[in-house]
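Annotated features, as they stand in TrEMBL:
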SIGNAL    1-16  signal peptide
DOMAIN    146-373  domain 'Peptidase S8/S53'
ACT_SITE  D155  active site, charge relay system
ACT_SITE  H187  active site, charge relay system
ACT_SITE  S344  active site, charge relay system
Amino acid sequence: MQFALNLLLALPAVLAAPSIDRRQEAGIQRIADSWIVELEDGQNLDAVLASVKEATGVEPEATYTIGKFKGFAFKGDDSTVDALAGMDELKRIESDVVVTAYAPAADVADIQQRALVSQNPSTWGLSRISSRSRGGSTYRYDSTAGQGVNIYVLDTGVNSAHQDFGGRAIQGANFISGESIADGNGHGTHCSGTAAGTTYGVAKRATVIGVKVLSSSGSGSLAGIINGIDWAVNDARTRGGVGRSVFSMSLGSPFSQTSNNAIRNAVSAGIFVAVAAGNDNANAANFSPASEASACTVGATDINDNRSTFSNFGSLVDIFAPGTNILSTWIGSSTATRTISGTSMACPHVAGLAAYLIGLEGTRTPAALCQRIQSLSTKNVIVGPGSGSPNYLAYNGNGA
């Protein structure tokens with residue numbers, strides 16, 4: 001995890017015209033006439049919206065307040081954007097783009113467990129994160145198992161009726177127009193099961209809160225993702241506090257500074273955010289939210305400790321976790337399961353591990369928690385982690 005030191009100097013504020021990113025690079029799927037606006041720090045959102053309406057007639061589709069991050073989404077053509085370009089209160093105007101689910105077509109002491117539990121058989125991924133060596137079939141974990149921690153899975157929703165959640169899964173909010181809050185895809189339910197399922201999950205006593213920001217086709221918009229982040233930060237404040245909340249985000253798009261800024265402000269609010277590194281076998285620096293340094297970015301490995309062939313890599317990856325051929329919960333019934341692959345599957349292993357450590361060791365800052373996960377990790381066992389990547393494989397610290 002990387003950080004930048006911001007020096008706050010008592011100098012007069014000088015506002016510049018907003019930067020405009022029309023996202024015209026090859027390979028980016030723009031959403032026509034859909035835009036996200038970020039305000040300059042310290043601006044009053046209501047006052048800015050009033051000025052925007054007076055100047056252009058624009059009404060916001062959504063508004064955001066995530067810590068210091070304030071902004072709104074709107075529909076309009078390029079001429080509307082040009083009209084906003086002279087407003088000094090705005091920092092950035094960015095074209096909305098398609099976001100997709102990531103599934104392919106500093107202390108170093110061991111954990112002091114209170115009551116170690118063994119699950120056999122377990123998935124290979126659970127076994128791997130509880131053992132220093134590969135090839136086992138037992139998941140060993142402390143019985144606290146993330147109790148009292150909320151894991152917000154920002155994804156396609158969650159099959160809350162699945163028996164593997166034992167009533168611990170909640171359908172939190174839906175930001176997909178024209179669809180019910182139910183998971184119509186399966187990706188979100190799979191990730192939720194890996195994070196907190198009774199059979200398939202890392203933190204077996206944590207609560208899952210599904211935040212539906214991706215459609216049944218597995219896609220969504222940056223505007224919708226930021227809306228989900230905004231809702232989840234505020235909801236976390238009402239459910240036991242941000243220090244006992246974790247975000248799991250197995251999704252991504254090409255690099256977006258606005259998206260990264262929203263993530264950074266969620267982390268600044270005190271929430272640990274695990275994000276998938278991405279499935280392009282490329283540098284994670286080119287994707288969001290994988291490139292946000294304050295998030296805990298997760299690459300994927302296979303059963304033989306190879307970096308998964310699809311997994312992104314690089315210095316912005318913080319940790320690796322199992323992501324190839326992962327069995328977990330699915331949609332269609334209360335017992336459905338499926339085996340799929342992706343950094344999407346690695347991310348909830350780490351989100352669950354973060355919840356597990358909060359339940360066992362208490363709250364830390366998000367930065368300290370990511371560093372704790374790194375310090376506990378099994379070092380130098382990943383084959384071909386990729387240029388610039390740390391050779392850290394997630395481990396729960398049980399001593400096995």
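Just so you know, the numbers here start at 1 and follow the chain as drawn.
Even glycines carry a Cβ here, placed using N, Cα and C.
What TrEMBL annotates, mapped onto the structure for a quick look.
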residue : record                           : Cβ within 10 Å
D155    : active site, charge relay system : 32
H187    : active site, charge relay system : 28
S344    : active site, charge relay system : 32
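In this structure, the CA atom of S344 (active site, charge relay system) is 8 Å away from the CA atom of H187 (active site, charge relay system). Rounded to the nearest whole angstrom, the C-alpha distance between D155 (active site, charge relay system) and H187 (active site, charge relay system) is 7.
According to DSSP, H187 (active site, charge relay system) sits within a helical segment. D155 (active site, charge relay system) falls within a strand segment according to DSSP. The secondary structure of S344 (active site, charge relay system), as reduced to three states from DSSP, is helical.
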